[in-house]
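What Swiss-Prot lists as signal peptide is 1-35, and the listing cites similarity to another entry. The topological domain 'Extracellular' annotation in Swiss-Prot covers 36-92. Per Swiss-Prot, the feature compositional bias 'Pro residues' maps to 59-71. Annotation source Swiss-Prot lists N-linked glycosylation site at ASN79, citing experimental evidence. Annotation comment: Swiss-Prot describes 114-153 as topological domain 'Cytoplasmic'.
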Amino acid sequence: MLLRDLVLRRGCCWSSLLLHCALHPLWGFVQVTHGEPQKSCSKVTDSCRHVCQCRPPPPLPPPPPPPPPPRLLSAPAPNSTSCPTEESWWSGLVIIIAVCCASLVFLTVLVIICYKAIKRKPLRKDENGTSVAEYPMSASQSNKGVDVNNAVV
């Protein structure tokens, strides 16, 4: 609020504001370091004795008691001396085998796709500059002669 009033009344007072912000912490530091450390109450004047009283700080209050343990909503299980049942290791083995089989199938399909892509014949350039794949049907169709209806007279 005070800052807004200063800016509105004086227009642009950034230099004085920056000077104030820079010197304010320095002035506080000077005020704090101006006093001398006090060793005991025997060398204290009456004016200082009134301010500091030379008493030790009061003891800290005792810590609060720990919170009670949480209550269980369900009935507690009866204490049994029998050992807990061990989990079967077959389920983990089945999962590992299933993941390995799925990975093997995926890699096999990937190898087949790559093999077919590499084995495919490369494209050749046609007379008009377009790329045409060399498949048996396209090669036989491109070797046909000029049609009689398209002959130029």
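Cβ coordinates are placed from backbone N, Cα and C, and glycine is handled just like the others.
In the compositional bias 'Pro residues' (59-71), the DSSP tally of helix, strand and coil residues is 0 helix, 0 strand, 13 coil. Mean predicted confidence for the topological domain 'Cytoplasmic' (114-153): the pLDDT average there is 63.
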